[in-house]
Structure formats: C-alpha cells, structure tokens
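Enquirer: Shown below is the structure under consideration.
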C-alpha cells in the first residue's frame, strides 16, 4: 500500500483526483481504487451457517455497498463506507462481524456503537437473525435500561455488543465489558455520533480497545470534520464512497405544499389523513413539544396516530415501535430520533410537518421512505419563510421538489 504518500492514507494520485473535482460541495472523496465488486453472497467466502442465515433472512443479492464493503472488512481492512439509509449498510457490517467471530470463544469480539437506543436494538436483532444458525450471543447495551441486567448478560459472555456510547463506556469502566478480545469496532451513523454529543465518549471507548482493533465507520454524510477524525483512529482506510448527489432520493417523489402560516399546517394534514393511511406514514416535527401538541390535536380531531420522541421512557418507545412495525398503528409522529436507521419497510410516505433544521437531516428522514429502491413519496409543508430552506435542500441534493399534485394518493 502506498498509504504513506499522504496524510491518513490518501495517496498522491487520489489527492490529485480530489483536487480535480470542480465543485467540492457536491463531492467528497471517491471510492479507493482497490475495491472490487463481489456480485453474490456465495462468492464472498462466507461461512456456511452464516450464508444460511442470510438467505433465511430474505436477502437474495447483495446491495451495492454490500458488494463492495463486506469483502474488505472481512480482509481486516479499516473501512470508511458512505451509504445512505436503505442501502443495506446495517447488514453490511453485521455480516462482516459475524464472519469474523470465533463462536468457541465466549468473549466480546466486536463492538458496534450507534447514536440511538432504537438503532442499537435494531442492530442487535439483525445480528441475532442473520446469525441464527451460528448460535451467536449478542447484547444491546443501552441507556435507560437496568444496569444489573447489562452486567449479568455481559458476565454470561457476549460475542457482539451493540450499544450507545455512554452506556458502553460505563460498562467498560465497570470492567463488566471486557475489551481484551475485541477485534473490531463499528461506528454506525458516525456523522450523528461524532456530531456534538458522543465525540468524547467514542474516544473514551476507543482508548480501552486493543491497539490492533479494526475500525469500520459507516455514515450517510461525511462532513470534513468526520474525515479528519478518521485520521486519528484508522490506519490506511479503504474508502467506499459515492458522490453525494447520487445518494438516494432516487425513486422518491418529493413534493411541497405551500402553507402561508404555521396554523394552516394542521388543516392541511387533516385533509391528507386518508391519503396517509393507504400504507404507513411518518410525520416529522422539529421539537418534542410540537410532536406532543400535534399528537394531541390529531386525536382531538378523532384521527388515530401514535408518537415518539427522545424524552419518552425506553419501554414506551419500544412498544410504540412494535405497534408501528406490526402495522397496528399507521401514522407515527416523531422527532428526528426516528430518522436514523430505523427500518419499517411498509413506510412509503413521509411528511415533513416542519422542514428539518439542517439539510443533512433531510436525507435521513426521506431516504427511508423508499427502502431498497422501493418507491416512496415525501411531502414538505412549507411556510412563506421556509421557501429559502427548501431551495437550499434542492440545490444541496441536486434534486427537484415540485408542488404537490391533487392526485397524490395515486402515487403512493
């Protein structure tokens, strides 16, 4: 490898290639040259019992990110993978983690950090499902749950721990989570974690890991501050990145409804309710207060909705998610806590009651309404003073958001 020819493993030729890009706002880096494509799961050199789990789970053919990243991770390389929601990124690292385990050794060999409790639990469930024939032990280590239970589970021995950085670090500090056998650290939704809140805690966790630990970082967006951070704890990483303007929104029809004033949004939503319940819909608000207010108001008007935000107790959030997943509730009102990585395939309509506070969140909200290339519809409620933000989002993603047609129900 010629990784020494530049900072953080960017080779000279790669750096020249980056400089050639005229518009740096559109493009981060390109995929490393040595990344080849493995078109089927059968040709990845995976263990038999894992392959059985993959096919039993319903996967047939690897997605683009899986075709590129799994082989590199299994080889032991540090990997930065840029991949939006709905591309199969969770399965990418889950399959790789399962392949690298020594099931005979009942110690933690892989650690996966995620920004929200829900996402950590979803990762854990995915690992248990994919590893169904391997007899894998996997625990979700998350805040808001019983510490004693965590300690008991960890003492029993877990091959993989998925969790939120705060609780994971707490367990390492208490010596309940032993790090000596850890071979791999996965940072999922890294942009969100390294944002503000979890940066310090990730560093704290990282300091306790064996020096040779392999690091895999997965993220929908890669702001430069993340790429700088990867230099600190990755060695000559392979980059598997796509140009930003190819990053999803494909197959998702995006519309806006002009509402002059905030008060008009509610009536607009009520008019749309019959359309919402054709399949399942998620409605995003920017604040917890707004979620509670809107839920209350919808129920007063005799509409059936459920709601979720970060202030709710863990148990309550879990039962709401379960209800929504099973289809028992059709409309979920939420803050951005829902926008990251939560997988409900039936959701084919997203409504931004409020436009997101930052444009990078837009893709996290919308990118899930058309999972795995399925079609979806996104409707943005836009007040007069939001037009500017909408245009900014359009430009940022090189996409088009048209006024909502009358026959929107036919598109869902």
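Here the Cβ of each residue, glycine as well, is placed from N, Cα and C on the backbone.
Below are the features listed in Swiss-Prot for this protein:
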- 1-11: compositional bias 'Gly residues' (COMPBIAS)
- 39-67: motif 'Q motif' (MOTIF)
- 61, 66, 86, 87, 88, 89, 90, 91, 343, 368, 369, 370, 371, 372: ATP binding site (BINDING)
- 70-240: domain 'Helicase ATP-binding' (DOMAIN)
- 251-412: domain 'Helicase C-terminal' (DOMAIN)
Enquirer: Which residues, given as numbers and ranges, are at least 6 beyond the ends of the motif 'Q motif' (39-67) yet have a Cβ under 8 Å from it?
Expert: 74, 81, 83, 87-89, 91-92, 95, 98-99, 129-134, 240, 372
Enquirer: Find, for the listed binding-site residues 61, 88, 90, the residue with the lowest Cβ contact count at a 10 Å cut-off, counting only other Cβ atoms.
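Expert: Result for the binding-site residues 61, 88, 90: minimum number of other Cβ atoms within 10 Å at 61.
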Enquirer: Within the motif 'Q motif' (39-67), count helix residues (DSSP H, G, I), strand residues (E, B) and coil residues, in that order.
Expert: 17 helix, 0 strand, 12 coil
